[in-house]
Structure formats: C-alpha cells, structure tokens
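Visitor: Would you mind keeping the following structure in view while I ask a few things?
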Amino acid sequence: GWLFWRVMVCGRRSGDSKRQVISFILCFCVCQSWAETLRYSLPEETERDSFVANIAKDLGVPLSQLAARKARVVSEGNEQLFRLNQNTGILTVKESLDREDICPQSDTCTVFFKIFFENPLQLIRGEVEVRDVNDNSPVFPEKEMVLKILETASPGSRFPLESAQDKDVGINGLQNYSLGPNPLFSLAIGTGKDGVKYVELVLQRQLDREEQAEMNLLLTATDGGSPPRSGTTQVRIVVLDANDNIPVFERETYEVRLAENSPLEQLVVRVAAVDPDEGSNGEVRYAFTQTSERSRQLFQLNPATGEIRVAGNLDFEEAKNHKMVVKATDGGELSAHCKVQVEVLDVNDNAPEIALTSLTASIPEDAPPRTVVALFSVRDLDSGDNGRTECSIDGDLPFSLSPTFDNYYELRTNAALDRERTAEYNITITAMDWGRTRLSARKSIFVQIADVNDNPPEFTQEVYTMSVTENNSPMLRIGSMKATDADAGKNARVNYGLVRQESKDHPEVSVNAENGDVYILRPLDYEKVRSFEVTVRAADGGSPPLSTQAVLRVVVRDENDNAPVLLHPGPDSSAAGELVPRWAPSGYLVAKVVAVDADAGQNAWLSYELAKATEPGLFRVGLHSGEVRTARAVTERDAPRHRLIVLVRDRGQPSRSATATLAVALVDGFSEAHLLVSEEAPAADPDGPLTLYLIASLTCVSALFLATAVAAVVVKVRQARRRETETLPTFPTTATESNAGSLPRSYVYDVCFAAGTVNSEFRFLRPLFPCFPAGLPPGPGEQRSSVCSQDAANLGDEGD
C-alpha cells in the first residue's frame, strides 16, 4: 500500500497516463508479493526477547515507515507472544515459548501472527514454527506395574504394559523400550494406527510358580533426542495358580458418538466381558488401562458393571476424539482388553468473540465516505455452521462493515458526517453464528467526530442600533454585540473587530475583541455628529478563519448644552437703538429679537419674555415670535427714551437663557430725531457733506477689506476642519425652521437727513431686509438683501 501510494504520486506528478498504468501494474505486483505469508521458525525454550526475524528487511520497508504507519504485531488468540520494535524492525519473543504448552497434542506447532500497518491500512500474515527441543523425558504413569500371569500361560503369550508418555514430538519423542536382562520375558514394540508406540511383554518359556513365584523387571523408555532422555518403571511379575479361562469381551472395539454438552453422569457405553469360570475366577472387574490422564478425568468407569459415564465437561474444541482401553480381570487375575472410542460431536456452545485490532477514536467531520474507522476480527470456536458468523451494526448509522479476510472486518463510514448534528457515535457491532440455536456477541465502539471549521459566526441581528447621550464620559459601555458559532473548540471562539474603511473612520467607538461589548472612547457632541455607522466583523479561531459582518449604528442623543444665541440685536452690541413715533398705536412693531439654539427638540424651543423695562406697561414681547410691540398707544407723557431687556429661554432641563438689550427712542418727527442725534454729535463744519462722503468711502473700503480677510480665514478654517473629518459647529437647520414661524419680516428703515439743518424731514423710503449672519438662512417669505443700513443701530446708540 505504501509503495502503491508512492508510485501513484509519482505518476500524477509526471502527468503521463501511460506511466500511471505502468506504475499501477508494478505496485500491484509488489502488493501481491506482500500478500504472501512470512514464515519463520525457532526452537522452543528460547529466552525472552530473543530474535525472531527482521521484519523491515524481509518486507523491504524503510525503518521510518514502521513508526510513521504505526506498525504492530498481533498474535492469534488472547496471549500476545511476539513484540515488534518500530525503531529497528526486529521481531522478538515476549516470553520463553514452551511448545508443549502451546501445542500440547500436536506433532507440529505453528504460531500465527499478523503485522498491521496504518495510513493506509495494510495487513501482513506470518507464522512461526516452534521447533521441538528434547526437554522432556519419557514418564510412565506408575513407578511400579504389577502383572499377574498364570503359570499355565503358554510361551509366546503377550501381556500389554502401560506405555510411557513423552511430551516431546518427532525424534525427541518416545522411540524405544528396553527390558532388563532375564530368562523368561522379552519385549515386543509396536506402533498403533495413531502413531503411538505400545509395548507388550512376551513370555519366552513356561512359568513355574513353585520354582519362582515373583520376579522384578526393569522397563526403560528412551526418546531419540541428542542426548537421549529415558524413564524407567519396575514391572513386578506375580505367577498365579492356574485359571484356565480368561474374560472375553463382546466386542473388541466400542465406538460411541457423544455431544459435547452432555451432562455429568450421562451413560456413555457399557462394556461387558464374560468369564465361564466359577467362583472368584468368574467374577470380572473392569479398569482403565493405557488411557490418557485427560480421558480418565472426563470419563468414569464402574469397576463392577462396566458402565462408562461422563465425569467432566466435554469440549469439542479441545479434543474431538477420546480413546480408552478397558481391562477386564477375573478373580484369578486373568484379564482381557477392549477399546472404547468416543467421538465428540460439536454443539453450538461457543458464542462468537469480537477482538478489536485497530481503532481510530476520533475522525474529522469532513472525512470522505469509505474512511476506515476500526479493524476487528470475529472468531467462533465451534465448527461448521456453528462456527460460521455474520456481523451487523445496530441502528441507522452512517457506518458500514466490509469483510476483508480470515474473519476480519473493517468499520467504514458510508456517508458524510456533521459534528454539529451528531458529535459522537456509540456503534454497537453484533456478531452472530449460524447454529440452530444462534449465539451472538456484541461490541460497542465509541467514535468521536472531530470538529472542522465549516461554520462561520452568526450575529443575532444584522443591524445593531445603540444610543448614547452627548457629552458622555470616556470609555462608556453602550451595549454589546453577540455572534455565535456552531463549531467547537477554537473553531467556535469568536473575536470581534471593527472593519476599517478608507472613506470612513470613527475612532470614537471600540468593540471588545472577546465579548463584543461596545464602548464610546471619548465624549461626543450632538451638534457635530448626530449618528454614525460602523461595520463589525466577527471571526472565529479556525484555520483559515471564517467571519461575518454586522452594522453597528450609534445614535447620539441631544443634551441641553447650548444656550440660545442672539442674532439680533447682535451679542457684541451693548444695546440696539430703535425709533418709535409718538403717534404709534397699540401693537406697533418696535423691533424683533432673533435667537437660535444649536440643540434639537425641546432643547431648541425658545420662548421670549420682557425681563426689565423703563416703563413695563408700554411694551410687550411675543412669547414665541420675539416681536417687541407697544402694549398701548404712545402718549405725550411717556418718557422719550426707554431701555428694554428681553430674556430668551429654551425648554431644556435645566433650561439655558440669553438676554438682549434694546434702546427705544420716542420721536415726533425728523427734527426731534435729528436733535437726538446732534446732542451727542459735534457741530458740523461747512464742509460737512464732503467730509461725510470721504468718511463713508473710507468705511466702505475698510469694510470690504475686512470682509475679504474674514472670508479667507473662514475658508482656511473649513479646509482644515474637513481634513480632520470634523464639521464646523453650525446652527442646525431644524432650529431655524422651528423658529421660522415666529420670525416674520423685520423692518429696517433708511433714514436720510439734510446736512446742516434741523428742519429736515423724516422720510420712510423703503423697508430693507436684514442681513443674516453667515450660515443662517432667511426665514419663510424673507429675501437676503445685499444692502444693510446701520443707521438705526447708530441712532439707538446715540439715543441711549
């Protein structure tokens, strides 16, 4: 698999389709060679951590790949016999191997193992033959065997002896028997159909009890090891008096088939032997002989009746056949033998076993379908259909099972995964056999789905609107923006930040990067900035990060922080002069106080009241219009000069105010008006008109020059403030509009006098529209005039 991947990568890089085909064929051949079984051998009783093989060298795999692909060795069965070093590629034994423990009843002993590679998944089969070492001597079941033989036994008679047992096999197993020197007996050694050697004592000449009633012989069993090992037992021969009939069995061999789940005390077979002798010589007793110790544990023989019953738990998987020899002995110690062969029938008594070999506990949610999650094997110790198994997954899950080989299965994904829908899976695998009574086993595999950054953060609102009152304290928290991310871990960790825009820059606001709290960094001025919008980005901590944006709109609430500003009379003039004729009726318009407030709403609603007057009852002020009118008709008794103080107040909390001072002169005609002016003016010389014209010309030139300088300064200041993205404090349009209804047309009169005379007439030539300050538009119905007369103001100053 590794070579295939390398070859296909080279094929892709070259871009040559023919080369890809050749690479695939070459890789297929290499993979086929890896599919062969690795075979090794080593002698038993090898010391711990002994060398078995160099796996990396035999497979041709670089040492770096062993660790990178997590190579490991797994032995079949529950006990792990080998260890693979990923750094050196050396396969060693974990513990000393004893062939007799691993394969107790087998001539050949082979241990199977598998080597697993990951990324990609690959499995290499291997086997190790454990060679027998002559580490066991032949052992007889008894230290002394007693053989009773009638003295009438004819020469050539054969008497079976207990065979010795040697746990070794092959040449190291039992090979020969020898008998100590004696004149009466010899040995006959034979081999049964099952390959087991048996020994018989052969009588060479007639016995004579009166000559010798007993004798002891030394029987030696020898194996074929180098050096050979041996075991001995004493054979005591007891010569009996004549008993001319021996027991005779009904059959030489009894064959029985028995289910492995047979209960204890169940009758297996009843052997019977008949002895025609009478008395004690005709009484037959039964006993096992030449029978393995395990068979003696599993079966019980009644010495009187010959019934063989189950005494232990039979296991088809342990031994499929049991062979026993029954000896029938009469009272005269004559005996006969028969064989009992029990075939154990398999019963579905073993549930399948699920062994997990490899597991990926966490897989990313963007893993493609057919991704291998786990590798496991299923084993059933039964045979036939009882050992045939099938596997399935409980529930409707996006996983499937794929059989590989040798009862191995792969757990794979079969659909796209979504951690936000299901973050973890508890997969239950059921393995069931095909027996008549079906047995099953279940294995739960817990798989977590690792998060992938596939979800951007989401704001709870597309537009957040927050408000703040002007003149706020610095670092004022006005609200919070919240965005959530459906991912987990760092992919769900949301950071907030302002999106920088070239055309807009609002350093007044800041957003906390961790919790989305919105702060106003410095005090705001409603008269400069009433509202602004910024874009806030929420980005997660994934790689690459995903983000989303929302609009934050900050609305500045007005505060009554601006007092009314007087436009007429001007705030720099100490008092404005107004002329009122003596014949003025009640309601005569004297003057109009004009004021504006830079605030908004009720903070900019202005009201006017007469705070102080020389004669309070003569004048009144309109509450909302600011018009100063006569409260009654002017009479001759009224003083010629009056001083009025008008209070202008807004409706804010607390309210702010300003005062305007008006000087009013009551006149009868031009003569009186001229006298009022000339009382404080110096006497005019004969060149008065020429001097007046020169002064007027000089005043106009000076005014023009001053206006030009002021305009230049204003332009410079505006340009500088535009560069600082701050607007000039101008009075709001809404403020003037709100007062437009209370500002009717003002009347200013052009007063002309004849120089050098006190009898000049007072003429009302035409009304002039007032000059409005820069930035203040005219009210409804008013027009901007380019000609402004200062005569009335001058008269007012003189009259004061």
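Placement of Cβ uses the backbone N, Cα and C atoms for every residue, glycine included.
According to TrEMBL:
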COMPBIAS  783-792  compositional bias 'Polar residues'
DOMAIN    38-140  domain 'Cadherin'
DOMAIN    141-249  domain 'Cadherin'
DOMAIN    250-354  domain 'Cadherin'
DOMAIN    355-459  domain 'Cadherin'
DOMAIN    460-566  domain 'Cadherin'
DOMAIN    580-684  domain 'Cadherin'
REGION    779-800  region 'Disordered'
TRANSMEM  692-715  transmembrane segment
Visitor: With DSSP as the reference, give the number of residues of the domain 'Cadherin' (38-140) in helix, strand and coil.
Guide: 15 helix, 40 strand, 48 coil
Visitor: Would you list the DSSP helix, strand and coil counts for the residues of the domain 'Cadherin' (141-249)?
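Guide: Helix, strand and coil residues of the domain 'Cadherin' (141-249) number 3 helix, 54 strand, 52 coil.
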Visitor: Can you count helix, strand and coil residues in the domain 'Cadherin' (460-566) using DSSP?
Guide: 4 helix, 47 strand, 56 coil
Visitor: Over the domain 'Cadherin' (141-249), what is the model's average pLDDT?
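Guide: It averages 87.
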Visitor: When the domain 'Cadherin' (250-354) is classified with DSSP, how many of its residues are helical, how many are strand and how many are coil?
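Guide: Residue counts for the domain 'Cadherin' (250-354) by secondary structure: 10 helix, 47 strand, 48 coil.
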